[in-house]
Amino acid sequence: MARINDHFLKLKAGYLFPEIARRVQAFAAAHPEAQIIKMGIGDVTEPLPEACRTAMIRAVEEMGERATFRGYGPEQGYEWLRQAIARHDFQARGCDIDASEIFISDGSKCDCGNILDILGHDNTIAITDPVYPVYVDTNVMAGHTGPANERGEYEGLVYLPLTAENHFTASLPQQKVDVIYLCFPNNPTGAVATREHLQAWVDYARAHNSLILFDAAYEAYITEPGIPHSIYEIPGARECAIEFRSFSKTAGFTGTRCAFTVVPKSLRGQAADGSWVDLWSLWYRRQSTKFNGVAYIVQRGAEAVYSEAGQVQVRALVQFYLENARIIREQLATAGIQAYGGVNAPYVWVKAPEGLSSWEFFDKLLHTCHVVGTPGSGFGSAGEGYLRLSAFNSRANVEEAMRRIVSVFGS
């Protein structure tokens, strides 16, 4: 019989979101009359922008004609999409990023896990706490950690707490680490990093030959001036950082699937013999070997994001969710509940009232308000006592959910 990958057995029982689903299903079965509003998983609800839909329909028609039919595309994605990304998302912000350094993929979640294929097994890895669970679980699956302790922390990982006291932006590690996961605007806390904070991380990485894996999936939600949208706005980042981006939350592509990863050609890693190897070549080899690219139709839809009409429609979509976040924040304040985030991100990080634990707060919201959030402890031990609410929902659902919460907690 074939041997399994035993590292999977180290994963904590049940991924966070399946456990949420289990509890919600049990409650719904016991209370079929309850109108449950789900504000947990960050999936979008509003339609694709018209510019994207029109471009995709046109691409479908092209696929129906021999003269314009497309088969396998380029390993990195079509150049016209990569050029649009480089021009609008990076060069327009003064970032020295070329289209050849951009790799189109079907999701930043996939890329955040797949990037481990080109990294060694003996790196010291730092993650923030709380953190997007994918960063941790993919390292566990790859054998980069030991078992989890009673707090759910894995042996071998360096945890950097995000707290209200440090404004949910982690302090630099006291020791040398090789790989650093950063996500700003942050999931789950909704916090952002200032230019000075990111410069400190870049300086640390360059001083210690560390690699920053920078998740910028929510950069379109930044509203405050002066907050960097890309790690490459920081001098020196080309020599120490890989950036992950996605069209999922920017343009509603969660069901359409398109994202991209930026690997500068000046970025180097060290081989076992001490020689320096450029990571661009390794990632190109990995992608061309294991990935067949994103559908032509989808890439045309993504390209339309950068059209004049697409930019207007995407900004309106983002603003819709940010308005939801504002409603959530302000209504929680009315109920006397402390909350963070929701200004530069679609997530609101809610402090559990009355000394409740994360899961106790989750259960109380579910049972008394019929509202589903995401327990903060599911993102790490430092998330205990918090709960994440997502602004990805209809306006009617958000307003009704907050009405219920105010009626229960505001009395």
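Using the three backbone atoms N, Cα and C, a Cβ is placed for every residue, glycine included.
Cross-referencing Tyr218, Tyr321, Tyr340 against the pyridoxal 5'-phosphate binding annotation in Swiss-Prot, which names Tyr72, Ser108, Lys109, Tyr132, Asn187, Ser246, Phe247, Ser248, Arg257, Asn292, picks out Tyr218. Under 8 Å, Cβ to Cβ, and six or more positions away along its own chain, Asn187 (substrate binding site) finds Gly42, Tyr132, Asp215, Ala217, Tyr218, Ala345, Tyr347.
Binding residues for pyridoxal 5'-phosphate (Tyr72, Ser108, Lys109, Tyr132, Asn187, Tyr218, Ser246, Phe247, Ser248, Arg257, Asn292) extend across at most 34 Å, taking the greatest CA-CA distance. Arg388 (substrate binding site) sits 16 Å from Lys249 (N6-(pyridoxal phosphate)lysine), taking the C-alpha atoms as the reference points. Cα-Cα distance from Tyr72 (pyridoxal 5'-phosphate binding site) to Lys109 (substrate binding site): 23 Å (rounded to the nearest whole number). A coil conformation is recorded for Tyr132 (substrate binding site) in the three-state DSSP classification, outside any helix or strand.
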